[in-house]
There are 2 protein chains.
Amino acid sequence: MRTLNVALGDRGYPIHIGRGLLGDPSLILPFLRTPRVAIVTNDVVGPLYLDRLQAGLRDLGVQVHAVTLPDGEAHKDWPTLNLIFDMLLAERCERSTTLLALGGGVVGDMTGFAAATYQRGVPFIQIPTTLLSQVDSSVGGKTAINHPLGKNMIGAFYQPKLVLADTGTLDTLPARELAAGLAEVIKYGLIRDPVFFEWLESNIERLVAREPEALAFAIERSCANKAEVVAADETEQGERALLNLGHTFGHAIETGMGYGAWLHGEAVAAGTMMAAELSCRLGWIGTDDVARIEALHRRAGLPVHGPRLGAARYLELMAHDKKVEAGRLRLILLRGIGRAVIHADATHTAIAAAIEARCA
Amino acid sequence: MRTLNVALGDRGYPIHIGRGLLGDPSLILPFLRTPRVAIVTNDVVGPLYLDRLQAGLRDLGVQVHAVTLPDGEAHKDWPTLNLIFDMLLAERCERSTTLLALGGGVVGDMTGFAAATYQRGVPFIQIPTTLLSQVDSSVGGKTAINHPLGKNMIGAFYQPKLVLADTGTLDTLPARELAAGLAEVIKYGLIRDPVFFEWLESNIERLVAREPEALAFAIERSCANKAEVVAADETEQGERALLNLGHTFGHAIETGMGYGAWLHGEAVAAGTMMAAELSCRLGWIGTDDVARIEALHRRAGLPVHGPRLGAARYLELMAHDKKVEAGRLRLILLRGIGRAVIHADATHTAIAAAIEARCA
């Protein structure tokens, strides 16, 4: 087991990464305020891991409640969130009850938001079971649900007490979801870790083949990057926005296609190519850089073009982005591989041209 | 104008109290991050004050959006909260847009929760227009909506940037709502300010008659008490719970009767009498104290008995309270007038007997 720490003072917490951690609930015990937990999972992950986790906790004397949500981004909404509140209230869970998020990014984001708001805040623990959630969404305290007019529009910054990433759960992950997770892994290389990007260029096939050692390294390196950024800028006043490379374009794809049609990581991959395209057109990176980025995404099994929504529709959807300030779209662009910047001066014409060039 | 400060470090903020403050939006301007606001009000308060506030802000160059919610505790729910999100997203309001809550406690609690969660947090300002919200709910950062199984069960601790209490708005307040506000005023005397309690015994009729000077004094003294308690214990780990005198019983009345049948302050008044009754039965205060508390509530025009739901139903509803810990009900009781304590050892039998004695 490897352990990283997110340095946020009295809101700091450890990230444990390793194979088989789900089978060792004594790792969880020290982080419970009282021996009572409510597990939130979904109908895909639950049948695989819920029984084992429940039994292990009960063996340690912990009272366990559970609720199973329908799987998928399409259910990251209020009615589904309310299933968590219904369960917590029906079971009379208290302010000292700890919520456990057992699942991917959607389960983690929703459980975190439920924890942030149930009785104005209860403790929670992330147990991510997808690559995407292990390398990105389980770390950093961003929680949210979607609104029909925009993704992650309703949420809170609320840190977990512990992140427990069992790399063994990736054995059961569909190939498409593994690839979607790799989009966020590649992102860390692109925005701030050029050495890691080169490592990925040499090793991407090992990750696609799920070689345990390669996966463990990539997850730890990704989490280390994320933990550093979050510690420096918890509530996204500055540097943290760089983690959104490809996300403003990507959210437009997700919202425009209807939640769930594209996986988040797939949309981020296509969005990252749009950001790279625009960076190239601004003269900041070369066509050779764009080719390297595209090749790595392709080898990871990711899309490198967005759907043909029309540039005008993209821009309309992007205008709802949380990074819009004083009406100006703040995009994350590249000054080089491993060097992302925030840019608010791109014209709509230039953005539209980059989008069109990257739709297929 | 009198100004108090809530001392919460970088989350601290001023409370301005005075007659006619709504007519001076230059008081608001220094607290806006950008010259753009979204006003949330209801269909009772809006027709009285919205135009004036909007016009004043626009004269100062501020872009103003507004949404009007249906009035009342029965609408303190998710569908109504979502009307705020719908407006914010339709108008493409940004993270720098400030929400203004123009109304009573329900508008304040909902606007605060919307501000806490829209795009994971935007600034907000409280402009309370009822006595209850001026002396209590607008100060301290408790925000929430109700759930069918319990009041204020979904919310956040989220502090405003400014509280602007225009005592002139009380001129238009229905007598029943004025009385409901007095329940919270009396509460401060009971829990921690015996001198204020005696002042209220000498002056309660002046408050019922809305004498401006008496009201201004009572509001300032109440806010000063609240600000001290909140500064010492922002997230209710200890002392702040004392502010909930009468509230656990009161929430049972509100939920049991259906939201809106009893005003919050009315339920708190009846609940406070139940807490006093139980304190007396424990031998902590005398029957003379109970008689003084009852007399003051009666003179304020408040109920001194709860509805006949049956003690078992009360206890069932109270078991959902946020102050339940390890299955035990933590009640706020009185050791004297001006001295409240948290007590977790009252038996259900004793609580039931006190409830029965105070139902009519």
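One-based numbering along the chain as shown.
Backbone N, Cα and C define each Cβ position, glycine as well.
Just so you know, TrEMBL annotations are computer predictions that nobody has curated.
The feature NAD(+) binding site is assigned by TrEMBL to A:71-76, A:105-109, A:129-130, A:Lys142, A:Lys151, A:169-172. For A:Thr130 (NAD(+) binding site), other Cβ atoms within 10 Å of its Cβ number 28.
Among the features that TrEMBL reports, Zn(2+) binding site is placed at A:Glu184, A:His247, A:His264. When Cβ atoms from all protein chains are considered, those within 10 Å of A:Glu184 (Zn(2+) binding site) total 27, not counting its own.
Per TrEMBL, domain '3-dehydroquinate synthase N-terminal' is recorded for A:67-179.
Per TrEMBL, the feature domain '3-dehydroquinate synthase C-terminal' maps to A:181-324.
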Which of A:Gly105, A:Gly108, the listed binding-site residues, has fewest other Cβ atoms within 10 Å: A:Gly105
Integer Å distance between the CA atoms belonging to A:His247 (Zn(2+) binding site) and A:Thr172 (NAD(+) binding site): 26
Surrounding CB atoms that lie within 10 Å of the CB of A:Ala74 (NAD(+) binding site), all protein chains: 14
By Cα-Cα distance, the member of binding-site residues A:Glu184, A:His247, A:His264 nearest A:Asp71 (NAD(+) binding site): A:His264
List of residues, in chain order, with Cβ under 8 A from that of A:Thr169 (NAD(+) binding site) and at least 6 apart: A:Leu22, A:Val45, A:Leu48, A:Tyr49, A:Thr129, A:Thr130
8 Å Cβ shell about A:Glu184, A:His247, A:His264 centroid, Zn(2+) site members excluded: A:Leu132, A:Asp136, A:Ala183, A:Lys187, A:Gly246, A:Gly250, A:Gly265, A:Ala267, A:Val268
